[in-house]
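Chemist: One structure, pasted below without further comment.
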Amino acid sequence: MTTLATLIFLVTLLFVLWQPKGLDIGITALTGAFIAVITGVVSFSDVFEVTGIVWNATLTFVSVILISLILDKVGLFEWSAIHMLHASKGNGLKMFVYIILLGAIVAAFFANDGAALILTPIVLAMVKNIGFSKRAIFPFIIASGFIADTTSLPLIVSNLVNIISADYFHVGFVRYFSRMIIPNLFSLLASIIVLWLYFRKAIPKTFDDNNIKHPKDAINDLKLFKISWIVLVILLFGYLISEFTKIPVSIFTGIIAFIFLMLARKSNAVNIKQVIKGAPWNIVLFSIGMYIVVFGLRNAGITLILAKILEYISNYGLFSTILGMGFISAFLSSIMNNMPTVLIDAIAIGQSNVHGMLKEGLIYANVIGSDLGPKITPIGSLATLLWLHVLTQKDVKISWGTYFKTGIIITIPVLFITLIGLYLTLIIF
């Protein structure tokens, strides 16, 4: 059973990351799940249990991405980025910091995938338009992709990993926010400092801002642009209401996304069919399929091994517990992707004999490691692989070697500082 469960998991993961001939990750994961079921590695009751765990998370994620795609077509993100350029007043370092801050805001409210895949092309087009050299463009591209994950901690909806973990342990919106806002601020500050130290020689000191277009020129539909702000406010209230009513957050995000789609249908700036097609629907199939495969590892007793390791680490106190869990999840995410990692770790945490604040430390450290760890390698998250593909289409080629060399140097210190932020949060608040 153990060998079979491990083999099914590894082969499924290999095909998910490899994607031969464009094989859809949803189909791959469901195939792995089907094999796991027919071989008896998982039962039909496991299938229903997995569906119960991931349906809210994945539908929330898809809804948020749908909303962000409409906002992108309206021009909200480009409008924001142009404001950042104007605020920089020709100062290269200010522009670098402001772009990072914008990325952090977008990641918080529209998920890491939305920030990386929507904001990066906008930033790339802008720095090219300003006339930056390839050497000067690289820091801005890396920063846009890096910050999308490192600051995707504050809200449950900021990352699919967050939603899945919060759902698994029944953590509400407000409680989650109260525990992760300080680590997110630590991560943001650490990211700015580490990225600046790493790229300081490549970032231009000044740039010509005379030819930058006016922010209003980025708006493709003024009426829908104004409505967008109302939608964002309602979305935030929806998150809060879900906390107190115990109604799944996907219900609120789904209704808001549907209404926004109906309003956008009349806009010439938004191609509804293109927006719906662009949503990551395959993530729903991938999540269900991959987690069924992961449940096979649980049934085979593999997650119990990790649970014992976590119990051992917890004997050394809260600080060691947080650092240990954070770096374990970061390492696992970097070598086998953060999606299966977060659930494997969550199952192990649930199986471990750890309680109280120590268990809370494990839960949130797992999220932090699974959010930040993927930046170490290109295979750490599906968003990174897609991000690299988008850049290649725009004639910006980043080799896996270059990415790894950059990723490991800038991720490790940021991860450590972020975990310190979590530790301080738990002992003070």
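Numbering starts at 1 and runs along the chain as displayed.
Just so you know, glycine gets a Cβ as well, placed from its N, Cα and C.
Okay, these came from Swiss-Prot:
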- 3-23: transmembrane segment (TRANSMEM)
- 25-45: transmembrane segment (TRANSMEM)
- 50-70: transmembrane segment (TRANSMEM)
- 99-119: transmembrane segment (TRANSMEM)
- 137-157: transmembrane segment (TRANSMEM)
- 180-200: transmembrane segment (TRANSMEM)
- 222-242: transmembrane segment (TRANSMEM)
- 244-264: transmembrane segment (TRANSMEM)
- 275-295: transmembrane segment (TRANSMEM)
- 316-336: transmembrane segment (TRANSMEM)
- 372-392: transmembrane segment (TRANSMEM)
- 408-428: transmembrane segment (TRANSMEM)
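So that I understand the layout, could you describe where these features sit and how close they are to other parts?
Modeler: Within the chain carrying the transmembrane segment (3-23), a Cβ under 8 angstroms from the stretch's Cβ atoms is held by residues 29, 31-32, 35-36, 39, 41, 286, 289-290, 293-294, 296-297, 299-300, 302, 336-337, 340, 379, 382, 385, all 6 or more beyond its ends.
Residues 106, 110-111, 113-114, 118, 157, 160, 163-164, 167-168, 224, 228, 231, 235, 248-250, 253-254, 256-257, 260-261, 264, 270, 275-276, 278-281, 283-284, 287-288, 291-292, 295, 343 of the same chain lie 6 or more positions beyond the ends of the transmembrane segment (50-70) yet place their CB under 8 Å from a CB of it.
Within the same chain, residues 61, 64-65, 67-69, 71-72, 77, 80-81, 84, 140, 143-145, 147-149, 151-152, 154-155, 157-160, 184, 188, 191-192, 195, 232, 235-236, 280, 371, 381, 383-384, 386-387, 390 sit at least 6 positions outside the transmembrane segment (99-119) and bring their C-beta atoms closer than 8 Å to a C-beta of that stretch.
Within its own chain, the transmembrane segment (180-200) is flanked in space by residues 93, 96-97, 100-101, 104, 108, 138-139, 142-143, 146-147, 150-151, 153-155, 162, 364, 367-368, 372, 406, 409-410, 413-414, 417-422, 424-425, which lie at least six positions past its ends and keep a Cβ under 8 Å from the stretch.
Outside the transmembrane segment (222-242) by six or more residues, the chain places 67, 70-71, 74-76, 79, 109, 155-157, 173-174, 248-249, 251-253, 255-256, 259-260, 263-264, 267, 269-270 with a CB less than 8 A from a CB of the stretch.
Residues of the same chain lying 6 or more positions beyond the ends of the transmembrane segment (275-295) and with a Cβ under 8 Å from any Cβ of it are 8-9, 12, 16, 24-33, 36-37, 42, 46-47, 49-51, 53-55, 57-59, 61-62, 65-66, 69-70, 73, 113, 160, 164, 261, 264, 339-340, 343-344, 347, 382.
With a threshold of 8 Å between CB atoms, the same-chain residues lying at least 6 positions outside the transmembrane segment (316-336) that come near it are 13, 306, 309-310, 342, 344-345, 349, 354, 357-358, 361-362, 364-366, 368-370, 372-374, 376-377, 379-381, 411, 415-416, 418-419, 422-423, 426-427.
Here the transmembrane segment (372-392) has long-range neighbours at 16-17, 25, 112-113, 116-117, 120-121, 124, 141, 145-146, 148-150, 187, 286, 329-339, 341, 398, 400, 403-404, 407-408, 410-412, 414-415, 418, meaning same-chain residues at least 6 beyond its ends whose C-beta is under 8 angstroms from one of its own.
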Chemist: Please report, as numbers and ranges, the same-chain residues at least 6 past the borders of the transmembrane segment (408-428) whose CB is under 8 Å from any CB of it.
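Modeler: For the transmembrane segment (408-428), the nonlocal Cβ contacts are 146, 150, 153, 179-180, 182-187, 189-191, 194-195, 198, 318-319, 322-323, 326-327, 330, 357, 360-361, 364-365, 368-369, 372-373, 375-376.
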